[in-house]
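Just below is one structure, and these are the notes that go with it.
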Amino acid sequence: MFMILIINNHGQYNHRIHRTLRYLQIPSELVPNTTPLDEIISRDPEGLILGGGPSLERSGNCVEYIQKLEIPILGICLGHQLIAKAYGGEVATAEAESYAQIELEILDEDDIFRGLGPRMSVWASHKDEVKKLPDEFDVLATSSICEVEAMKHHDKPVYGIQFHPEVHHTREGHRVFENFYDVCRS
């Protein structure tokens with residue numbers, strides 16, 4: 001059965017990701033970030049969403065999932081930062097913490113931003129951000145407060161987004177999930 005696993009990184013919006021996917025009728029399950037890799041593999045998911053969370057230190061097995069799974073991955077907020085770190089990028093405290101509505105400038109509408117550009121109103125809720133993009137990644141979107149709002153691996157279906165598509169403040173956020181679902185099905 002088709003399934004996307006959502007990794008719960010203890011963030012305030014992780015349950016909203018699951019609720020949004022259920023609303024979109026995308027089969028999914030929310031699992032703890034301490035779930036062993038072999039259990040994740042045994043569930044045979046078609047995709048993985050790494051939810052947000054309070055800190056890199058509480059990210060459980062996420063880096064192992066990123067490095068060893070060969071399936072589409074979407075990292076949101078902390079998940080985005082974990083992808084960057086797993087591939088050699090750098091994460092540090094943002095110049096200004098952001099808990100606000102911001103305007104995203106979409107640089108590449110490919111894949112997860114298909115049909116959403118060139119601008120999108122989104123909700124930002126973070127104190128850390130990707131400061132150095134990993135070598136194998138391209139920037140997909142930027143904003144006035146964060147240079148790497150979204151990124152994509154050159155060759156793999158691995159994406160990271162700093163903002164929160166699962167909250168109602170992000171207009172058209174559900175379409176990011178629909179587009180990721182399409183990536184998982186292709």
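Note that Cβ sites are derived from N, Cα and C of the backbone, with glycine treated the same way.
As annotated by Swiss-Prot, active site, nucleophile applies to CYS77. Residues or ranges marked as active site in Swiss-Prot: HIS164, GLU166. The feature domain 'Glutamine amidotransferase type-1' is assigned by Swiss-Prot to 3-186.
In the structure as shown, the Cβ atom of GLU166 (active site) sits within 10 Å of 28 other Cβ atoms. Around HIS164 (active site), the same-chain residues at least 6 positions away in sequence with a Cβ under 8 Å from its Cβ are TYR13, GLY52, ILE76, CYS77, VAL122, TRP123, ALA124, SER125, THR170, GLY173.
All protein chains shown were included, and the count of other CB atoms within 10 Å of the CB of CYS77 (active site, nucleophile) stands at 26. Mean pLDDT, taken over the domain 'Glutamine amidotransferase type-1' (3-186), works out to 93 on the 0 to 100 scale.
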